[in-house]
Amino acid sequence: VPLGVPVALGVPPSRPPCRPVNVTVAAEKDECPQCLAVTTTACGGYCRTREPVYRSPLGGPAQQACGYGALRYERLALPGCAPGADPTVAVPVALSCRCARCPMATADCTVAGLGPAFCGAPAGFGPQ
């Protein structure tokens, strides 16, 4: 790394550090026949990890994942919901992100998932 070029949190310059990034997600509910594509911010980027040469019988070091530091929720209404059904959904918006152990009770830190734009509603995204 040239002098004067900082390396954020030990992450090489070729890999962006953990930060809020724009994403498009599919908002859906069981009572509504179609999804709504929503642009929001989520946390993405790399966190410094270490793999020791020596394997301790006490276990390995805690690996960190990029997750929410602070967030707020935006409420949106889905189109075409059944009469009497609540059409509103809450979409998280990342205000800040941080590297920490994955909170397995509230987050999905798997290698690959369905993806944020997956829509399981019968009518999909409806007419565009």
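Every residue gets a Cβ built from N, Cα and C, even glycine.
Around the Cβ of Cys18 (disulfide bond), the number of neighbouring Cβ atoms within 10 Å comes to 24. In this structure, Cys18 (disulfide bond) belongs to neither helix nor strand by DSSP; it is coil. The disulfide bond feature in Swiss-Prot is assigned to Cys18-Cys66 (among others).
For Asn22, the entry in Swiss-Prot reads N-linked glycosylation site, with the evidence type sequence analysis.
Note: Cys81 (disulfide bond) has non-local neighbours Lys29, Glu31, Cys32, Pro33, Pro87, i.e. same-chain residues 6+ apart with C-beta under 8 A of its own C-beta. Look at Swiss-Prot and you will find Cys32-Cys81 (among others) tagged as disulfide bond.
Per Swiss-Prot, the feature disulfide bond maps to Cys35-Cys119 (among others). Taking all protein chains in view, 24 other C-beta atoms sit within 10 angstroms of the C-beta of Cys35 (disulfide bond).
According to DSSP, Cys97 (disulfide bond) is assigned to a strand segment. Summarising the annotation, Swiss-Prot assigns disulfide bond to Cys43-Cys97 (among others).
Taken from Swiss-Prot, the feature disulfide bond covers Cys47-Cys99 (among others), and the record attributes it to similarity to another entry.
Positions annotated as disulfide bond by Swiss-Prot: Cys102-Cys109 (among others). The Cβ neighbour count for Cys102 (disulfide bond), using a 10 Å radius over every protein chain in view, is 16.
Proximity to Asn22 (N-linked glycosylation site), defined by a C-alpha to C-alpha distance within 10 angstroms, is shown by the following disulfide-bonded residues from Cys43, Cys47, Cys97, Cys99: Cys43. The disulfide-bonded residues shown are Cys18, Cys35, Cys43; of these, the one with its CA atom nearest the CA of Cys99 (disulfide bond) is Cys18.
Mapped onto three states, the DSSP output places Cys102 (disulfide bond) in coil.
Nearest neighbour of Cys119 (disulfide bond) by Cα distance, taken over the disulfide-bonded residues Cys43, Cys66, Cys97: Cys43. Close to Cys97 (disulfide bond), meaning Cα to Cα within 10 A, are the following disulfide-bonded residues out of Cys18, Cys35, Cys47: Cys18.
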